[in-house]
């Protein structure tokens, strides 16, 4: 049974009890090897893929490609014209989406892959990806929502880190000045304020993707739902609706000792309750180092109903590890870019918490 550490340094059992006293814990650092792809620099080659759904706004997709081309060398495998005639709710048939993904992963000159959008479809092509993917060098896979399936699969099967960050269509209105001028420093406090009018999301993305630093601050002043102390482990998770569908597959990472990050939008409280209960019953919440909750902006709910706050409190308030809220990533602006798979530290002090990631690369991850 794993041991945990109290914030004052005392060792206790995984049950969270010592001499009849229950307290907040730290899980030891996660042992799963991870590979951070090389830092992403202006001029690097990025391949645009559509492994899930097609962009709904073709002109916005086209503008997003144009903006990205101001910074990077962009190779588009899914042309804007193709988005006018998608394959139902998929951008293209499975065989085409799989071939594009394999081609992009195998491209020796590509440093990253970026998705057109989320939607649905990544789960359908995971099974057939691995006959080729075993020899692919690590690359950043950029996106969120449905890309959760691909990003978690790459971590589970290969140890790759990935970037939960803006898809192509969301680059259409971004400012690239701070990147092209060589200044990509944005305040973590500013990233957390979704109402900031001049938020430079492109700089926030580039600061993470290009980092060669060790400890890098990601967020500050996160509200605490429960627990205290310091949690250390790989940052894993994504969109709850997609993540929960990995349970029972070979593509769900080992979550023991991980800091689990979850968000979802448009789901009624009872649906979020059902998915979190599924995670609980499957044991996915048992040996975590900590939990970070993003936005759970609810969809329509027919009375009588619990509030979303009540659902989250009910599932997480008595966990033997730190649980915090308010991380603005994924579907919610400003879509803070998160390096899933990177070692992270969640530090809870009184009523607020801070999050840091370690972007230091091993020799294997940059080979």
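Note that Cβ sites are derived from N, Cα and C of the backbone, with glycine treated the same way.
Some features that TrEMBL has for this protein:
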type: ACT_SITE; residues: 145; note: active site, nucleophile
type: ACT_SITE; residues: 263; note: active site, charge relay system
type: ACT_SITE; residues: 331; note: active site, charge relay system
type: DOMAIN; residues: 46-165; note: domain 'LD-carboxypeptidase N-terminal'
type: DOMAIN; residues: 232-346; note: domain 'LD-carboxypeptidase C-terminal'
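Overlay of TrEMBL annotations on the structure.
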| residue | record | DSSP class |
| --- | --- | --- |
| 145 | active site, nucleophile | coil |
| 263 | active site, charge relay system | strand |
| 331 | active site, charge relay system | coil |
Chain-internal residues, separated by at least six, CB under 8 A from residue 263 (active site, charge relay system): 238, 239, 240, 293, 294, 295, 296, 327, 329, 330, 331, 332
Note down the number of other Cβ atoms within 10 Å of the Cβ of residue 331 (active site, charge relay system), including every protein chain shown. 17
By a simple count, how many Cβ atoms lie within 10 Å of the Cβ of residue 145 (active site, nucleophile), its own Cβ left out? 25
Can you count helix, strand and coil residues in the domain 'LD-carboxypeptidase N-terminal' (46-165) using DSSP? 54 helix, 24 strand, 42 coil
